[in-house]
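Enquirer: Quick one: this structure, given as structure tokens, is what I'll be asking you about.
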């Protein structure tokens, strides 16, 4: 009896797919793995070279084999895509200082048949992220980088020296992120920003442990819609405490996020279109507070540093949502002072980290008149970090009882609350006279509208 032997033949159904579909498949794997497909067959040899996104991210295995730097250099020589949607280079502290990844990028060429087309950074990158954490000195970007016509999003991080030539033009750049970079001099960032006529979003992070050669960071960008600025104590031995560290002239700004431990060094010019402000200034100035009068969304942290300057604003006439971080009990009365200036407030969020022990309760005087926002507009009230002290309970009770249009209320206990103490929260629910129920552990602490 003849035995029937079956032979299974693996059929390659992928290679017959069109190039566009193969490129989409390779985009689902790391760039290094995509490039390795060049050894599969002649059909695959050139497919990866058309990838519109390249990611070079150093890993532990790359460091041991020294492959990431070789791969970075070689792949730029062969890449042929007409346009790079994103180029991401992320090299860690193990990157040898005798290599220069910037030169590799500078030498990369666009893909005409002659292979001598214009530099990659001149013509065909939309989104560039370059992060360098090596142990060497900060390195300069190539001059061609400052003339890239297609660049729309840019992130420079850590050991990058921003040395801007006299003439510079980034006509398409809309988003810029400068993370702990070093600037050649005081004017380098000014020249860079002035070359971006359509810049919409600027994010700046300054490292307190690194001298970045800038005393006053100036942001003068008429087109800017959002500014994120983060910095710590950056005083130098020759620093004048009265000198501003941030000066902004952004008349069309809509959103301002500032995290700065030297808030009194801010100079914010007139911003009539400002909608959202998030800040954790330690020492805000009156000049900083005044432009906030037109905002719709406001987050103040810590609130105790803002109280002395609240008088600078008579009325937050457009404010719809307010989130504050509370750290002192004697500021409870100031909450109602703030509410009295927010006639259209719909959402009021309090994030409290006040300790419940070793404290003499402050005398809280109920205001003679109910803030207009409570009687007419407030819809959402949340208190996160409730500890059940008597003065805290009184002000929460006052807000709940006088908020005639309240739809939802959330109160979350402090993490140190015991089971017995949590029973006290039930008292708050019984105090509430409106149909709204108090959600005892659902404070979300986020803007709603």
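The first residue you see is number 1, and the count goes up from there.
Glycine too: its Cβ is placed from the backbone N, Cα and C atoms.
Annotation comment: Swiss-Prot describes 11-59 as domain 'F-box'. Here Swiss-Prot flags 364-412 as domain 'FBD'. If you look up Swiss-Prot, you'll see 60-91 marked as repeat 'LRR 1'. Look at Swiss-Prot and you will find 153-180 tagged as repeat 'LRR 2'. Summarising the annotation, Swiss-Prot assigns repeat 'LRR 3' to 182-206. What Swiss-Prot records for 235-260 is repeat 'LRR 4'. The repeat 'LRR 5' annotation in Swiss-Prot covers 275-302. Annotation source Swiss-Prot lists repeat 'LRR 6' at 327-352.
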Enquirer: Taking only the residues in the repeat 'LRR 6' (327-352), give me the average pLDDT of this model.
Expert: 84
Enquirer: For the repeat 'LRR 6' (327-352), what are the DSSP-based totals of helix, strand and coil residues?
Expert: 12 helix, 6 strand, 8 coil
Enquirer: With DSSP as the reference, give the number of residues of the domain 'FBD' (364-412) in helix, strand and coil.
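Expert: Result for the domain 'FBD' (364-412), in helix, strand, coil order: 18 helix, 12 strand, 19 coil.
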